Amino acid sequence: MNQPWRTHLQTKLQQLHEQGQYRNLHVTEQAEETWLIRDEKRMLNLASNNYLGLAGDERLKEAAIVCTRKYGTGATASRLVVGNYSLYEEVERSICNWKGTEKALVVNSGFTANVGAISSLACRHDIVFSDKLNHASIVDGIILSGAEHKRYRHNDLNHLEVLLKTASPEKRKLIVTDTVFSMDGDTAYLRELVQLKEKYGAIIIVDEAHASGIYGIGGAGLSHIEKDLAQKIDIHMGTFSKALGCYGAYLTGDAIYIEYLQNMMRSFIFTTALPPSTLGAVQKAIEIVQEDHKRRENLIANGEYFRSKLREAGFNIGNSSTHIVPIVVGSNENTLRFSKRLQEAGIAAIAIRPPTVPVHSSRIRFAVTSQHTIADLKWAIDRITHIAKEEELFV
């Protein structure tokens with residue numbers, strides 16, 4: 001190997017080790033279940049995005065099998081070549097009916113959706129206003145676009161308005177936000193963001209990755225909680241890989257936006273389409289989340305229980321108001337030690353460190369699901385509290 005490159009890479013890896021930011025892969029089995037196997041140890045799964053427990057649902061498995069038998073295992077090409085199966089159009093119609101939008105586009109992942117949409121819509125003549133805690137895919141999309149990047153303090157609408165007010169009137173304006181923030185579990189002020197976008201002539205993209213299938217009418221997303229709010233949002237992005245238990249993502253909104261993305265979005269144009277099996281499972285999942293209110297109600301109730309008990313115990317869980325509940329520790333060292341102790345006690349509790357979260361805010365990110373029982377959560381809370389006291393971390 002080229003020696004200068006080897007030296008450079010070894011130095012960078014050593015720095016990651018020293019900073020407590022080196023990452024390893026761990027073999028995990030049964031991750032679709034409430035209890036998983038990680039490194040051959042049985043643990044309560046409090047780290048998964050399988051929020052409604054659909055990743056192991058027999059109805060989704062059967063739908064995937066049926067489509068595989070009918071269409072094969074691969075799409076064989078990009079959608080613009082010969083990979084656009086009728087399944088795509090069926091799923092996109094379902095999304096439009098679900099979200100109340102004109103047109104939808106199914107893409108390969110949430111990351112490629114955000115990177116592709118933002119980088120194709122915005123250019124160096126534009127300004128993108130982004131919440132400081134938005135997902136990395138949003139940040140990367142803005143960087144790739146070459147647009148002026150204005151980050152406003154997390155959920156600070158006054159700061160955003162100052163930035164909008166002082167922006168060049170000659171430049172087009174785009175606001176982009178997560179609806180549920182993936183590492184903090186709090187939510188965006190969508191009504192107020194829409195008011196600002198209308199006041200200053202911007203458009204807005206919302207990332208519903210951690211809200212699709214859960215919140216709003218029929219689980220359509222956080223933007224559907226308030227009447228008439230969703231239709232004022234220009235582009236909705238959501239994923240199939242979390243609450244819907246599948247893989248892939250969608251972009252939906254007015255037809256002109258989606259038509260433009262279909263023609264200009266490089267992460268859509270230059271990639272092989274999703275396999276038919278995934279589309280079959282997605283179609284079934286969209287049906288289920290609209291009808292199965294009990295799963296969504298269980299998830300929301302479990303989130304409320306878990307948050308309230310951790311707060312009562314004295315933990316810093318920030319402003320979490322959803323099924324995503326962080327315990328903010330601070331240092332990488334303490335967070336890694338806490339994570340190790342929790343896993344030894346039988347809880348899949350993963351340390352989240354910079355650059356995923358800001359420096360000095362390393363945390364354990366817990367995610368409850370609709371399938372957890374109160375007994376599961378109580379068992380976990382007792383052990384979390386006991387270990388934290390032993391380590392003199394929080395309580």
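Just so it is clear, glycine is given a Cβ too, placed from its N, Cα and C backbone atoms.
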According to Swiss-Prot, which candidate in Ser86, Ser182, Ser267 joins Gly110, Phe111, Asp207, Glu208, Ala209, His210, Thr239, Phe240, Ser241, Lys242 at the pyridoxal 5'-phosphate site: Ser182
Listed co-binder of substrate (same site as Arg23, His135, source Swiss-Prot) among Thr322, Thr335, Thr356, Thr369: Thr356
Between Gly110 (pyridoxal 5'-phosphate binding site) and Thr356 (substrate binding site), the C-alpha gap once rounded to whole angstrom: 16
Spatial neighbours, same chain, of Thr356 (substrate binding site) - Cβ under 8 Å, 6+ residues apart: Ala136, Met183
Spatial separation of His135 (substrate binding site) from Glu208 (pyridoxal 5'-phosphate binding site) - C-alpha basis, Å: 11
Neighbour count (Cβ, 10 Å) for Phe240 (pyridoxal 5'-phosphate binding site): 29
